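> What follows is a single structure, and I will ask about it in a moment.
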Amino acid sequence: GHVNVVEFLEKKGGDISATDNTEQTPMHKAAWNGHVNVVEFLEKKGGDISAKSNKGETPMHLAAYNGHVDIVEFLEKKGGDISAKDNTEQTPMHLAAWNGHVNVVEFLEKKGGDISAKSNTDITPMHLAAYNGHVDIVVFLEKKGGDISATNNTEQTPMHLAAYNGHVDVVEFLEKKGGDISAEDNNGRTPKDLANLVGSEHSEETKRRKEQTVLFLEKKASNSSAPRVITKVDVGAISFDEKDLLGKGQFKMVYKGTITLPTARAPLPAAIQKGKFDISEKDVDWALLGKVGVHSYVMGFLGYAVVSPTNVLIATHLCEHGDLYHKLGELSDDEEELSPLVAVRVALQVAMGMQQLASVGIIHRDLAARNVLLQSFDPNDQHRVHVKVSDFGLSKAGGAYYYDTARLKPLPLRWMAPECHSRNKFSEKSDVWAFGVLMWEVFTLGLKPYYNVIDSDIIAVIADKHTLLKKPNECPATVYTKLMEPCWSRKAKNRPTFSELVSISLRVYDELLMIETAERIAEDDSNGCVICLSAPATNAFLPCGHKCVCAKDATLLPVDSPCPICRAPIQSNVRIFG
């Protein structure tokens with residue numbers, strides 16, 4: 001930036017157009033380093049403002065990359081090409097967006113820069129801003145007409161790239177503006193799938209942001225469901241072999257098979273439900289089931305066929321990993337453990353599925369681990385958990401085929417709320433009771449609820465004595481007190497709704513994630529703040545004495561909240577020196 005030296009050298013015959021081994025001129029160097037007075041002098045003396053390096057970069061590219069808006073303005077005023085492309089076909093706006101220089105992006109757009117320009121891999125400036133989490137630039141570009149659904153050469157949208165790096169604020173903005181959370185790239189991956197991917201380049205802070213991104217996308221997925229018509233097909237359109245038994249329950253057998261829909265080119269894989277008891281077409285409210293639509297955490301119906309007046313076959317989407325109850329039993333038999341984060345992820349997804357059923361007026365009446373199917377499942381990795389609520393297809397709003405006691409059908413007594421036993425009253429709140437029991441099943445790896453009580457005494461234990469299931473040994477106290485116990489309030493009106501359970505599950509999940517992170521940091525002896533994950537820990541909580549937070553975040557946890565390390569109630573915090 002020593003303009004007097006540059007002036008002296010030029011006066012003595014120095015070549016202002018000389019290039020180094022990367023073919024950069026002195027003007028490139030000055031533009032890169034922000035020396036506007038040098039750039040102005042070189043241009044005045046005939047320096048080429050459009051000269052390109054061996055990467056095809058002009059001085060304006062380099063100034064834009066480093067946010068030197070004064071140089072960008074000067075070069076544009078002198079005729080510099082704001083749409084010049086480097087060897088990857090990126091413009092100065094691409095580089096400014098990549099590094100978060102919103103003032104440069106705004107100036108270039110004002111001067112006619114193409115906000116939708118694509119590189120040789122079809123990357124737009126919005127892609128780059130989203131990838132690096134520059135939400136202010138994403139907001140500006142969208143306001144100016146930038147395409148939030150633009151795809152690169154791998155069919156990834158800006159939301160895909162923001163999700164990969166855990167920029168939840170960018171993802172939230174794009175979703176609010178109509179971005180498709182279910183868009184798939186050329187590998188069939190959605191933004192949520194990319195948020196679930198953890199690379200070696202991701203720091204602990206980024207991993208935490210990615211987790212929040214996943215939870216946001218899951219919550220949005222739970223609220224998005226398009227109604228559909230449940231198609232009636234000829235009996236011949238449904239095919240299965242009774243040897244291919246997927247599972248059986250109190251009311252049905254489920255087989256692996258196929259269904260050929262009128263609009264399909266080929267048979268679709270399906271789970272075929274065959275009732276153990278008589279069922280007619282009119283026993284099922286098909287229109288109501290159609291309102292459930294296609295939902296991430298609800299088993300989707302493909303169609304049905306009437307075999308006889310009392311025999312209806314129902315085809316649903318196929319989940320080849322079976323049901324949650326049998327998976328829990330396998331873990332117990334193999335003496336494997338289940339991560340609490342996995343358990344609460346199951347709770348969250350089931351609550352989201354039940355929230356959808358409740359929103360269209362469906363009462364499940366048999367919510368239990370046996371009726372939760374597994375799209376994917378890993379007992380130690382919450383990112384590989386995807387469950388679907390099933391077996392609600394024979395329930396009606398206000399009345400149910402399953403539970404007509406006059407037909408002597410078996411009742412799921414151990415999952416039923418007190419009012420179900422005493423008054424035969426079923427509602428969303430009785431499903432909430434069953435949800436609490438389901439969570440107890442998860443943490444006990446499939447134990448039978450009230451296993452020490454015989455069937456004939458169950459009604460007295462639940463309805464009369466209001467005896468609650470005890471906290472499982474492997475269940476964190478916060479899960480039991482915040483997520484399970486509220487479901488078992490004697491009065492139905494005091495139980496949470498499924499919408500509330502979604503929010504509770506999210507908070508409990510975040511709390512457990514913080515604990516796990518804190519424990520990992522403690523094991524690594526990194527002595528970092530367990531809240532921000534970046535600053536050193538300087539403050540200790542009292543009376544336990546754990547030094548685990550920075551001064552800035554020490555006040556975020558209120559009195560009596562649990563210490564992130566030992567869970568002891570916090571009374572105060574103190575800075576530790578040395």
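Just so it is clear, glycine is given a Cβ too, placed from its N, Cα and C backbone atoms.
Below, the features straight out of TrEMBL:
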type	residues	note
REPEAT	22-54	repeat 'ANK'
REPEAT	55-87	repeat 'ANK'
REPEAT	88-120	repeat 'ANK'
REPEAT	121-153	repeat 'ANK'
REPEAT	154-186	repeat 'ANK'
DOMAIN	240-513	domain 'Protein kinase'
DOMAIN	529-567	domain 'RING-type'
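Give me the structural setting of these features: burial, nearby parts and distances.
Remark: secondary structure over the repeat 'ANK' (22-54) totals 17 helix, 0 strand, 16 coil, with classes taken from DSSP.
The average pLDDT computed for the repeat 'ANK' (55-87) is 96.
Under 8 Å from some Cβ of the repeat 'ANK' (121-153) lie the Cβ atoms of residues 88, 90-91, 93-94, 96-100, 102, 105-106, 109, 115, 159, 161-162, 164-165, 167, 169-170, 173-174, 177-180, 183, 185, all in the same chain and six or more residues away from its ends.
The DSSP breakdown of the domain 'RING-type' (529-567) into helical (H, G, I), extended (E, B) and coil residues amounts to 0 helix, 9 strand, 30 coil.
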> For the repeat 'ANK' (22-54), what are the same-chain contacts with Cβ under 8 Å, counting residues 6+ beyond its ends?
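Same-chain contacts beyond the flanks: 1, 3, 6-7, 10, 16, 60, 62-63, 65-66, 68, 70-71, 74-75, 78-81, 84, 86.
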> Can you break down the repeat 'ANK' (121-153) into helix, strand and coil residue counts using DSSP?
16 helix, 0 strand, 17 coil
> Could you give the residue numbers and ranges of same-chain residues that sit at least 6 residues beyond the repeat 'ANK' (88-120) on either side and whose C-beta is under 8 angstroms from one of its C-beta atoms?
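Contacts of the repeat 'ANK' (88-120) (Cβ under 8 Å, skipping residues fewer than 6 from its ends): 56, 58, 60-61, 63-69, 72-73, 76, 82, 126, 128-129, 131-132, 134, 136-137, 140-141, 144-147, 150.
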